[in-house]
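Reading through the structure tokens given below for one structure.
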Amino acid sequence: MSAIALCSSTVPFPSQLPIKPRRKPKLYSSDCLCLSFSCNLTRLWSSHCSTSKNWSTVHNGAVSTFACSTSSFVGRIGSRIRQGNSSLLSFGLNSNAEAEATDGDSSQLLSALLPFVVAATAIAALTRPSTFTWVSKDFYAPALGGIMLSIGIKLSINDFALAIKRPLPLSVGFIAQYVLKPALGVLIARAFGISPMFYAGFLLTACVGGAQLSSYASFLSKGDIALSVLLTSFTTISSVLLTPLLTGILIGSVVPVDAVAMSKSILQVVLVPISLGLVLNSYAKPIVALLQPVMPFVAMICTSLCIGSPLAINRSQILSIDGARLVFPVLAFHTMAFTLGYWASKIPIVRQEEEASRTISLCTGMQSSTLAGLLATQFLGSTQAVPPACSVVAMAIMGLCLASFWGSGSKIRDLPSLLMKKTSSIVSAS
């Protein structure tokens, strides 16, 4: 049986109202329209409610749940809160703040535009190098710091407490990031025989944490967004120690790597901005409210500059035969990273739900190539920053395409049949 209720703080709770059987429920004036169909909450729409309530009433022996939300649906992108069969999405842990709702709207819009911005940046850098050659490597560190600050102001102490309650999916994703992905990078680099001028930069790309864009991809794929936010944050913070360690092990014999100096650099451009954002979000809410509408634009501009500069500076090497040979290893690396991340979470002993598996897959295949580009420029040489720049373009386009595929309701096992149908239709049309 379906029930439709209009609820407001000026009206008594539904549990206090007499409900007669076989009669339509009364309608009450309200600021918030909430629909409950057969105990399954399918939509939450709200406009002006200032508090969040969940009510239950018994109607002919059936329990109906009424929920009054506090912010618009689009603004509640972030952590997933499960209540029975209901699934709410909230941005961070403060869904009551209108500023966060507004920031959620702008963040989602800019995240949706990012693949197009990345592609346009790559084309402009290769066709008109002067557009980005003015960006020096000294700009990379503050630019990346701006990106990391945009992550930090989304975090709170409660996010870390939530991680403790979900150790298994976080552990699976963490191992996929820092064990499976570096090993995959070594195998692909050797299998394709990547040129020495790109070899170290390619492996460095495989040793960094997750990308911020993976959270938006998880939203598109109908995955576990809270897991994505936490996994990206923890792998990024852990990169202070693990990225220099893995880089020294994998390419130390090929290119000298100063692991201590690399750790200090990551500490400055990753941990300090994230910690600053965390402190501001905890103790300076008014400042965060001013920063949040601006930070998505700052992150997009910084990402574009960090991609365009190495592509423009190394244009001749990229357009050479060795540069052309780099395309296939980069595509293969991301394709297999998405695949490994998904199936690693399906191993029986650690088997995860479909939402978590999609999230782990996206976080594994979408890494912080911008950080890899900065480190390559500082410690390995400008040409070694080319693989990370190419990786940003590939992972943004491939990751969001995969997320859209999942978001349409399709599954990995459906892919062969879908391809067969598409091929058959093309053959029939011809």
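Positions of Cβ are set from backbone N, Cα and C atoms, glycine also.
Keep in mind it's a predicted model, so treat the numbers as computed, not measured.
For reference, TrEMBL has these:
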TRANSMEM  109-127  transmembrane segment
TRANSMEM  139-157  transmembrane segment
TRANSMEM  169-189  transmembrane segment
TRANSMEM  196-219  transmembrane segment
TRANSMEM  225-254  transmembrane segment
TRANSMEM  266-284  transmembrane segment
TRANSMEM  290-314  transmembrane segment
TRANSMEM  326-344  transmembrane segment
TRANSMEM  385-406  transmembrane segment
Check for me, if you would, whether the transmembrane segment (326-344) reaches the transmembrane segment (196-219) - at least 3 Cβ pairs under 8 Å, residues 6 or more apart in sequence.
yes
Report yes or no: does the transmembrane segment (225-254) come within contact of the transmembrane segment (109-127), defined as 3 or more CB pairs under 8 Å with a sequence separation of 6 or more?
no
Spell out yes or no: are there three or more C-beta pairs under 8 angstroms between the transmembrane segment (169-189) and the transmembrane segment (196-219), with each pair 6 or more apart in sequence?
yes
So, does the transmembrane segment (139-157) come close enough to the transmembrane segment (266-284) to give 3+ Cβ pairs below 8 Å, pairs being at least 6 apart in sequence?
yes
Checking 139-157, 290-314, 385-406 against the transmembrane segment (196-219) for Cβ pairs under 8 Å, the most are found for 385-406
Long-range CB partners for the transmembrane segment (139-157) (under 8 A, at least six residues beyond its ends), listed in sequence order, are 78, 91-94, 212, 229, 232-233, 236, 265, 268-270, 272-278, 280-282, 288, 291-292, 295-296, 298-299, 302-303, 305-306, 309, 370-371, 373-374, 377-378
